[in-house]
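Here is what TrEMBL says about this protein:
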type     : residues : note
REGION   : 73-167   : region 'Disordered'
COMPBIAS : 85-109   : compositional bias 'Acidic residues'
COMPBIAS : 124-152  : compositional bias 'Basic and acidic residues'
DOMAIN   : 195-229  : domain 'Tetratricopeptide SHNi-TPR'
REPEAT   : 237-270  : repeat 'TPR'
COILED   : 257-304  : coiled coil
REGION   : 326-365  : region 'Disordered'
COMPBIAS : 331-342  : compositional bias 'Low complexity'
COMPBIAS : 350-365  : compositional bias 'Basic and acidic residues'
Amino acid sequence: MADVVVDPENKNARNLLTQGIRAYVLQDYNAAVQALGKASELMVADTGDELDDSLGEVYFYYGKALLASSRQESGPLGNIVSKDEENEDSEGDDEKDEEVENDANDEEINEVKNEVEIGDDVDDVKPDVSETITEKTEKEAAETTEEIKTEDTSATGETVDESEDPSDLQLAWEVMELAKKIFENRGADGKRHLAETLTTLGEISMESENFKAAIKDIEDGLVIQEEIFSKDSRKVAETCYNLGVAYSTDNEFEKAIKAFEKSLTYLNERISVLEKQGDGEEEIKEIKELIPELKEKISEMENHEVETKKTLAELASQPEIAKKIIEGATSSSSSKQASDISHLVKRKRKAEDKDEDSKPAKITK
């Protein structure tokens, strides 16, 4: 795939927006971050208002590109392995896969065009599917905007030092918060984007291991999605799955089970709808391949829940042990001077943990 070249001297916000959207759809996240960051900077300067309605989608795609960049930084090797395995599995079906992938990108490009009204000059963009990278193999962003001003501390748990440039993850949270405010101001017309903005904020908090914040944002996004999407929506199925992962990382296994089961319900309903329509054989096959993985997740959570209850029961039957544990924890915490530990929340999870908890591929369509 040819990289999208962004001219750092370009002062045309509309042109930069077009380039940024093109780069994002083609998964050239390095170029997307540069173009969308510059476009947002110019548009804020032009409108004089960082919450101008015209900036909603710009912030939205800018934030998603920044999140993708941060993910690349945290675990590129595992992604290379998964890409190699994917290439081996797809050998012999390249032409068919390319046709499907091109159709998907055409659909996404048209959707983005309608959202941000950037004209028809993105129609000539066709990705080289054989070299298309996945969402977690993008390059680290090279530029950030200085125009977006936010709070000193974010849901990432990271305190911003004004003398240093914010990280991609921190900046992603900041611009998504701005996007959220804009979509909230749109009322009913902004619900769809607001829902996805909230779930993306949840993903950002998950990356920084701020699980409580992640759960809150994903829950809020899910409420809106359940209101506006049908009972066979794969978008809702994906959000339910992500919520289950968030619950599980916060040791809320019972809630995780319910979230995974709801995701399974949506996927089964999707299969039922497609079968009644008499089409969508490829999608049905794809969904059926996801279901065993989802059932395995549910089984894992059930086992964790049983083990947790067993441990609690053992502690309850031996109060002297529980007392020592509590006294030890209290003594340890009181012996240390209170300090700000928010920087610890930013700690990255190990690559293998991310691989295990990551969502099934193509749960949405």
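Quick reminder: no glycine exception, Cβ is built from N, Cα and C everywhere.
Small disclaimer: the values here were computed from a predicted structure and weren't measured.
Residues of the repeat 'TPR' (237-270) grouped by DSSP class, helix first, strand second and coil last, total 31 helix, 0 strand, 3 coil. Break the domain 'Tetratricopeptide SHNi-TPR' (195-229) down by DSSP state and the numbers are 31 helix, 0 strand, 4 coil.
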